[in-house]
Amino acid sequence: MAARSAPSCHLRLEWVYGYRGHQCRNNLYYTAAKEIVYFVAGVGVVYSPREHRQKFYRGHSDDIISLALHPERVLVATGQVGKEPYICIWDSYTVQTISVLKDVHTHGIACLAFDLDGQRLVSVGLDSKNAVCVWDWKRGKMLSMAPGHTDRIFDISWDLYQPNKLVSCGVKHIKFWSLCGNALTPKRGVFGKTGDLQTILCLACARDELTYSGALNGDIYVWKGINLIRTIQGAHAAGIFSMNACEEGFATGGRDGCIRLWDLTFKPITVIDLRETDQGYKGLSVRSVCWRGDHILVGTQDSEIFEIVVQERNKPFLIMQGHCEGELWALAVHPTKPLAVTGSDDRSVRIWSLVDHALIARCNMEEPIRCAAVNADGIHLALGMKDGSFTVLRVRDMTEVVHIKDRKEAIHELKYSPDGTYLAVGCNDSSVDIYGVAQRYKKVGECLGSLSFITHLDWSSDSRYLQTNDGNGKRLFYRMPGGKEVTSTEEIKGVHWASWTCVSGLEVNGIWPKYSDINDINSVDGNYVGQVLVTADDYGIIKLFRYPCLRKGAKFRKYIGHSAHVTNVRWSHDYQWVISIGGADHSVFQWKFIPERKLKDALHIAPQESLADSNSDESDSDLSDVPELDSEIEQETQLTYRRQVYKEDLPQLKEQCKEKQKSATSKRRERAPGNSIRLHFVHGYRGYDCRSNLFYTQIGEIVYHVAAVGVIYNRQQNTQRFYMGHDDDILCLTIHPLKDYVATGQVGRDPSIHIWDTETIKPLSILKGHHQFGVSAIDFSADGKRLVSVGIDDSHTIVLWDWKKGEKLSITRGSKDKIFVVKMNPYVPDKLITAGIKHMKFWRKAGGGLIGRKGYIGTLGKNDTMMCAVYGWTEEMAFSGTSTGDVCIWRDIFLVKTVKAHDGPVFSMHALEKGHMEGEVWGLATHPYLPICATVSDDKTLRIWDLSPSHCMLAVRKLKKGGRCCCFSPDGKVLAVGLNDGSFLMANADTLEDLVSFHHRKDMISDIRFSPGSGKYLAVASHDSFIDIYNVMSSKRVGICKGATSYITHIDWDIRGKLLQVNTGAKEQLFFEAPRGKKQTIPSMEVEKIAWASWTSVLGLCCEGIWPVIGEVTDVTASCLTNDKMVLATGDDLGFVKLFRYPTKGKFGKFKRYVAHSTHVTNVRWTYDDSMLVTLGGTDMSLMVWSNEMEAYREKRPCDSEESDIDSEEDGGYDSDVTKENEISYTIRALSTNIRPMFGIKPHLQQKEPSVDERPPVSRAPPQPEKLQTNNVGKKKRPIEDLVLELVFGYRGRDCRNNVHYLNDGDDIIYHTASIGILHNVATGSQSFYQEHNDDILCLTVNQHPKFINIVATGQVGDSADMSATAPSIHIWDAMNKQTLSILRCYHSKGVCSVSFSATGKLLLSVGLDPEHTITIWRWQEGAKIASRAGHNQRIFVAEFRPDSDTQFVSVGVKHVKFWTLAGRALLSKKGLLSTLEDARMQTMLAIAFGANNLTFTGTISGDVCVWKDHILCRIVARAHNGPVFAMYTTLRDGLIVTGGKERPSKEGGAVKLWDQELRRCRAFRLETGQATDCVRSVCRGKGKILVGTRNAEIIEVGEKNAACNILVNGHVDGPIWGLATHPSRDFFLSAAEDGTVRLWDIADKKMLNKVNLGHAARTVCYSPEGDMVAIGMKNGEFIILLVSSLKIWGKKRDRRCPIHDIRFSPDSQYLAVGSSENSVDFYDLTLGPTLNRISYCKDIPSFVIQMDFSADSRYLQVSSGCYKRHVYEVPSGKHLMDHAAIDRITWATWTSILGDEVLGIWSRHAEKADVNCACVSHSGISLVTGDDFGMVKLFDFPCPEKFAKHKRFLGHSPHVTNIRFTSGDRHVVSAGGDDCSLFVWKCVHMPH
C-alpha cells in the first residue's frame, strides 16, 4: 500500500503564460534590474526579457489583484482577495518575502501605493466601507485607518511633493486625504461648474498641489488643492484606465486602445494607437502603462503585454499573451512534440511551445471552446464547442477539416482512440457520440448509459473499450465502436487503459479525502511511467499522488498558484512537464517534473518559501502510519482548555445579572469580614501537560507554576513566594536569559502573558490580544528583548513580541496540529523553530508576518511527533526529541540524522514537589487538633500533609479505587475515606492501615462525617441520594436517610450528634434525625439557632449571600465555617476563594475574593485552630495553604483581595450638577435635528405658485423698487466675501471640568466652548482660536513638561468609533501658532471626556463616554495606541497621570476610584480599598490631586476628600466643601493643592480653597459673583493667582494675597440664546437667553457691559430705531420695554400665555409688533404712552410666529411662521395682504425672514431633519447670513432665489445657531448658539473696491 506516503518526486513551476488584465489596473512595471514585474492568478511574476526567464513569487494564498512598486524599484507590494486577505512586500530579485501585512482588510485589497521614500504603504480594501489603511510596512504595523468611501475606490496615490497627503479616486468621487497622528481626514474634491461629477479611474500627483486624474468619459481633470481648475477634453475617446508618472512626464492609457504621452505640465507629446499597429485588433483596451526612458510597457484587457520602443512606435513587441475573457477549459497535448493546445470561452485556440515558452499559433473560432484533442499521428486537432458542435482543424496550418453539430448542449470532453480511427465526443446532455476519422467523421455509434453530463473519457489501449465519468460520479464502460454498455466486471478487469483522466475508479480512490463532496476535483492525469498521478481541483491546488492510489485520503504533495478552480491538467507527451490551466484566471502554468532520482542530488530545490505551505501537506489519514502514541502525549493532545465561562466575561455577566438583583438587595447587606487570608504554601507542580516549566533563578531559587499561581520556591528556607497576577491556569513558563524575569502564559478567552520580576513579584509587562483560549509555549530571545508565544487556538497562532513595549512584532498561523514547544534562535533573533505533533517547522520574521518552512525529512526518518527542541551551537543546527524516544539532528531545514536516546517519549523533567497526579482532587479533611490534613483523589492515593513550617507530605497510600471524600474522627485516631465505587474504609490515621471497610452503595461516596464528641456515629453520603448512618463501635449500619431527590453534596452534624443537615445537587436543604434517619422539617428561621458542630453547607438563609450575582453560570462547590463561627470561606467553579462574614443573610453578600486555583475549587477546610485555610483545586490537583490574618493585627499590611461584586447602594448623596454631567446626551452635529417643532413642506420642496401678472421683460412700467432699504452704508456697496472669528463670549463650564489653564506664566489663559479652543490674553482680552475640531470639545489639558511647552490636547464628541471623520478624536496642538501636531481618532464611541499627559509629556491618557468607559494610552507624537481597556461600568469623570510617572494613573467616577498601572501594553487596575477605615463607603468621586510618597486625593460628591496611600484609603478630610468637590489641582512647583466645590458664599467658607501638600490646613477664597451658590468647575494655579472656571460660565482670577476677584470671561449660563439685537449705530449688541438675563456686550472693549436679571427666561430682544429703548419678549408671554439710559422699565404687558418669539419697533417708532407662539401678532401704539393697550392684531396666521420685519414705510409687516409659510399684513389693521404684485413692490426696513422667494437658495439639500433657524440681510442689502441646526453660519448673496445657492460656510458653534445679526455698518456679524450658550462675533471682510 504505497499510498501511505506522499510521492517522493516533485513539481517546480517553470513558466506561466498570461497576465491579469481584467478587473485590475496599474499592475505592470519595470524593476531597477530592467525586468518586468506583474501578476497572474495567485503568482507574482518577474520576467526578464533579455534572458526570456521568469521568476515566481508564491507567498499569496489567493488571487493577487493589486501591485505597487517601491520607489527604489526593487521591492514589490502585492495584495490579494480572500476572506482574510493580506499584503506581501517581496524582493523582485530574490523573490523572497520581506514583510506581510494582515488582519485589517476583508474581502480583498484593491489598491496599493508606496510613499516618496518608500517607508509607508497605503492600501484600500474591498469591504463595504472601502477602508483606507496606512502601514509602516517594515514593522508590519498599521499606523492609521479610515473608511474610504461608500463606493468603490479605483486608485490611490501619495502626494510625492507634500508630506502626509494622499489622493484617492473612484466611483463618482475624488478625495484628498491628510494624515496627522493616527487620523486620516478626507476632503472631497469639488467639481463645481468646471466639470461633470463623474467616476475618476486613475490619478497622478504633481508639484504645486496639482493632481491629474483620468475620468470615465476620457477627459483628464486637473485639480489644484481640492478644486477642479480645468479639464483636458477628449484626451482619450473612452475611459482612461491607467496613468503613470515618470521623470519625463505622464503616460495615459485608455479603453480606446491609445497610449498618450504628456510632458510635465500635461501638454501632449505624442499618441500611439495600438489598434492601428500590426499587432493591433479592434476592441483592444489598455489597462496598464509604464513609461521608462524610451520604453513603454502596455498591459491590455485581453491579457497581453506589449513593449513599445518610442522610436518604432508602430511596431510594438508582444512579450506575453494569454487567454482573455470567459473561462478556460480546453487543454490537449501533442502526442509527439513538446506542444500544448488550449481553447477558451474567448473563442481562440492557441498552441504553445513548451521548450521556447512561447505562443506559436493562434486561431479564432466562431464559438467558445470547451475541450480539445489531438489525434495520435499529430495531424488533426478536434475542438468541442459550447454550442454542441465540434470542429476539426489541421494542426499544420489551422485550416478547417470538418464542422459537425449533432447536439444542442456544450461538448465537454472529446478524445481520439489510440489507433487514431475513432473520435469519442462527450456532451453535457449525457451522451457520448463515436465518429469514424477515416469516413470524414461519420457518426458510427453512441453511448447513452449516463444520466448526467459527461465529465471525463478514456480509451483502452486496444481501442475496444471506452470508460466515462459523469456529473453524478458514476463510472460506466462501453464496447467500441457501437456504444453498447458493458456491465460485467469480469470483462473489464483485464482492460489496460491508454490514458487515465477519470476521477472515479479504484485506481484513483486515494485522491478523494475521506469526507468530501464528489465534484471538486476537476481533472486528473496518470503518468504510468513515473507511477504518479496529478490532480486539479476547485481550490486552485495541484496535487501529486502515487499511482495507483487505492485507499481514500492518500498522502500527496500540493502546489498552489492558480486562483480559484483549476479546470484541467495534463502530462506532456514525454512526461517532462505538467500543464495546468485555470478557469477564471485564464492562465496556463507549466510545471517541470523532477523525478525521485534527481531529488537526491537536488537539495538545492529547497521547498519554495511561502505562507501557505506549497510543499507536501499531510492529508487526512495522517495518523495511520505512526506508531501508537504514548498515552501521556495522547492525553496532552486531547486536553482542552476551553471554558464555559472565562474570567474575562465575569464583568459582563455581572452586569446582565444586576438588573435581576436590583429588587433583591433591599435588605441591608453585611460588610465584608474583617479577616483576610494570604497564600502561604502550595503543594503540587504542573507537570501533567506542560514541559520545560521549571527554572533556576540566578540566586538559586526555583520557579515553577501550579494552577493560576507562579511559585518561587526557596529550598534552603523551604518557603514559597507567589505571583498572583493571573486569573486562570498558567500553561507555560520561561525565564529571561539575563535577568530574573519570568514569563508565564495562561488560559483565557483572550489569554495574557505576564512578564514579572522574581524579586519584587511585580508585573513588568502584560501581553494580550492576539491569542485565543490559551498560550501553550513561550520563549525569550537570546538578548532577552523579544518573546515568542504559541496559542492553543485551532491554528496555533505564533506571535513574536517586543515585550517591554508590549508590541506585537509579527504574527502567523502555526500549524493545524498542536505545537508543544517554540524556541528562538540564539544567534539570529529573526529565526525560530516550533515542534509538535507530526511536525517541526523553521520560521523567520518578515515584517508583520512569519514565514515557515516544514522540516524536510526526506528518506531519513518518519514524520514523528516532536516533543521538545533546542538550537545547537551554530545558527543552522537544531535538535529535537520525538515521541518515540529519538533525537533528530537538523541542519537548516533538512534532517541530517536521528539517534535513539530514550525508550519512551523525550520530555524534560525534574521532580521537586510532590502532588496528586491526575483526575480531580475532591477529598480534604483537617485534623481535629494537629496542623495536618488529609487529601484523597481520583489518582487512587490517600495523602497526609504537614501544614506546619516543614510543609512536607507525611504519608501516602495507594487505594484500590479513587476517592472523593475523607474525614478524621473527633479523637484524630481514625481516618474514614469514601471511594468512587460506593465503598468506604476506615484507616488508622497514623499508619494508614485498614481497620474496616463496607460496600453498600453503587455510586460514589460524596461526603463522610463522624458525629461530634465521642464520634459514635459515622454518616456516609453517596451519589445515589442516600445517607447511611453506621455505629462506629459495632460496625453496623443503623439507619438510612431517604427523601433526597438528587445526589448528596454536603453533610453536617449538630453539636449533640442527633441531627444531620444535608445539601443535595438539586439545591435542597434537608434535615434528618440520627441514628434512624427520620426526615425532619425545620423552619428556616430556626436553623441558625441550632448549634452545628461544623458548617459546610452552601444553602439556607445563613449563607444566602454567598451565591454570586451570576449564580446561574457558576456553582459554589464548598464552604467551611471557622470554629469561632465568624468567617465563612467558600470555593466556587471559577477558582475563587471567598471570605464572608457569618451569617451571610440577604442576597449577594459582601466578600473578599482571592484568585489562585484554576478552574474549580473542590473543597475548603479551616484547620482546628482557624489559623490556616486549606483549599483544594479540582483539575489543577494542587493543595494550597492560606494563613488567616485576624482583624486585630491586620493594620500592618493591607489585604490584597478585591472588593465585592456589587457596589454599595449609597454613593454619598445627590447633586443636580453631577447628575447633569453624568446623564448628558451629547448630540453630534451631523445627527442634529430641528430645535423648533416645525411642520409642513420645506421651502425648497414647495411648488411655486405662478404670480398673477408676469410682467414682460421689457416694459414701460417703473422699475421694481429695492427689496431692502439700504441705510448707513456709503455710496459704494461692497459685498462681504469672508467672515473671520474675532471674539467669543462663552465658556463650557456647565458639564465639563478642569478645562481652564494658564499659559505663558499667566499672561494667557486657554479654555474652550462649542468646538473651538480659545487662547485669551488676560491683559488685552484679545482672543485667538483653534478651529480644527469638527464637533464639540469636551475636555482640555495642557502638557506640563518643559520639552512640550504650550502643547494642548482637546477631546471631542463623536459618533460611532468607525475611524471616519465623524468619529471621536483628540487633537494635540500648539496653543500659540494653532498648528495641529497630531490627531488621534479613537474607539471611544460618543466622545472623549477626559485627557491627561504623562510626566514625560510623551504619553496621553484618554477616557471615553462609550458604555465601557474605555481608557486608552497613546504615544501621541506617533499616533500610536499603546494600551486600551474597559474602565468601569459607570461613568468615569476624570483620569489623570501621577505627575511623576509615565505608568501610574488614577481614574474616578460614579462610585468608583481605580489605581492603574501601565505594564507593557496592558493596563492593570486596583479598586480603591475602603475597608481599612470604619464606616468608609464608596462614594461618587469627582476630582483627583496628588501628593508625595504615592498619596492620592480624590474629591467626592458629599464634599469630603479621601486620602489614599497606594490604593488603600488612609484618611478622610471631612466636609472639605459643603457641596461636591468638582475640581482639584496639584501645583507641581510647590505641591500645594487647590480645590473647588459647590458652596453658598459665607463668611468663613468659600468655593475655592488652597491647601498644604497633605491637605491638612487650608485657606478659603470667596468668589464675588453675587450668585446664590458658587459652583466651581475648574481650578488652576499660577504665580500668586488662582484661575477659576464656574458653572455660570465665568472665568475668574483670584489673587492669593488679597483674595481680589477679577472676572475675565462672562457668558450666558443656560441656553439657547434666542434673542439677539444690534445697536442701530454703535458696536454694541444685546442677547437674551433661557437663563433669564439680558446682557449688553461691547465688541470694541471685548467685554460684557451690563446684565439685567428678569427672573424669567427671555426669548427675544429689540432696539428701537433711535437706540433709546429696548423691548424684551419673555417665555411666559410678557414683554417689557426698558429705557436704555437708566435701565428703568418704561412699560410692560402680558396679553399672551405662550412664549413671545419676536418683537419689533416700526421704523417710524410708532408701533410695537409682538409675535408669539399663539399664532398671533399684536400691535401696540407707543405714542399712547406706557399703558400699552393692544390696538389690533393679525388674524389667521396658520402656525407660530418665527420672525417679523417691518417695511421701510412702517405700513406692512412680513411674518414667517412655523409651517414654512411667509405672510404679509397691513399695519396697524392686521389685514392679510394677498396680492403678489403689491408684495413684490414693498421695500423692507430689515430682512430676517428665512422664508420667501428671495431667500429660497438658503435651504440646503441635507435639511431633512434640520432647519435653517435664522437669517439676516446686511444693511447694504447685498449679503445674507444664516444660522442652522447643524451649527453652521453661512454667507450668501442677497437675493438668492435659485435653489441650493452657492455660499461659504463657517463652523464653530455646537448644533443649533438660534439667531444671527449684522452690526451697524456691516462691520461684524454676531451669531448666537443654542446648545453652546455662546456668542460668536465675526469680522466681515469686504471685497476690495
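Think of each number as a place in line: the chain as shown, counted from 1.
Cβ from N, Cα, C; glycine included.
Per TrEMBL, domain 'EML-like first beta-propeller' is recorded for 53-307, 719-917, 1326-1597. Annotated repeat 'WD' per TrEMBL: 250-264, 330-362, 1154-1187, 1617-1651, in sequence order. Taken from TrEMBL, the feature domain 'EML-like second beta-propeller' applies to 328-592, 921-1187, 1617-1884. Residues or ranges marked as region 'Disordered' in TrEMBL: 609-633, 1195-1217, 1246-1275. Annotated compositional bias 'Acidic residues' per TrEMBL: 615-633, 1201-1214, in sequence order. The compositional bias 'Basic and acidic residues' annotation in TrEMBL covers 1246-1257.
Long-range contacts of the repeat 'WD' (250-264) within the same chain: residues 202, 204, 206, 212, 214, 218, 220, 235-244, 270-275, 280, 283-291, 296, 298, 308, 310, each at least 6 residues beyond the stretch ends and with a Cβ under 8 Å from a Cβ of the stretch. Stretch with the most C-beta contacts under 8 angstroms to the domain 'EML-like first beta-propeller' (1326-1597), considering only 53-307, 328-592, 921-1187, 1617-1884: 53-307. Through the fold, the repeat 'WD' (330-362) approaches residues 15, 17, 52, 54, 302, 321, 323-324, 368-378, 381, 383-384, 386, 393, 395, 398, 567-574, 576-577, 579, 581, 586, 588, 590 of its own chain, all at least 6 residues removed from its boundaries and within a Cβ separation under 8 Å. Listed as Cβ neighbours of the repeat 'WD' (1154-1187) (distance under 8 Å, sequence separation of 6 or more from its ends, same chain) are residues 643, 647, 677-684, 686, 688, 706-709, 722, 724, 726-729, 747, 915-931, 933, 935, 937, 939, 945, 947, 951, 1117-1124, 1129-1138, 1201.
Across the repeat 'WD' (250-264), the prediction's mean pLDDT works out to 90. Broken down by DSSP into helix, strand and coil, the repeat 'WD' (1617-1651) contains 0 helix, 23 strand, 12 coil. With DSSP classes pooled into helix, strand and coil, the tally for the repeat 'WD' (330-362) is 0 helix, 21 strand, 12 coil. Helix, strand and coil counts under DSSP for the repeat 'WD' (250-264) come to 0 helix, 10 strand, 5 coil. Helix first, then strand, then coil: DSSP counts for the repeat 'WD' (1154-1187) stand at 0 helix, 19 strand, 15 coil.
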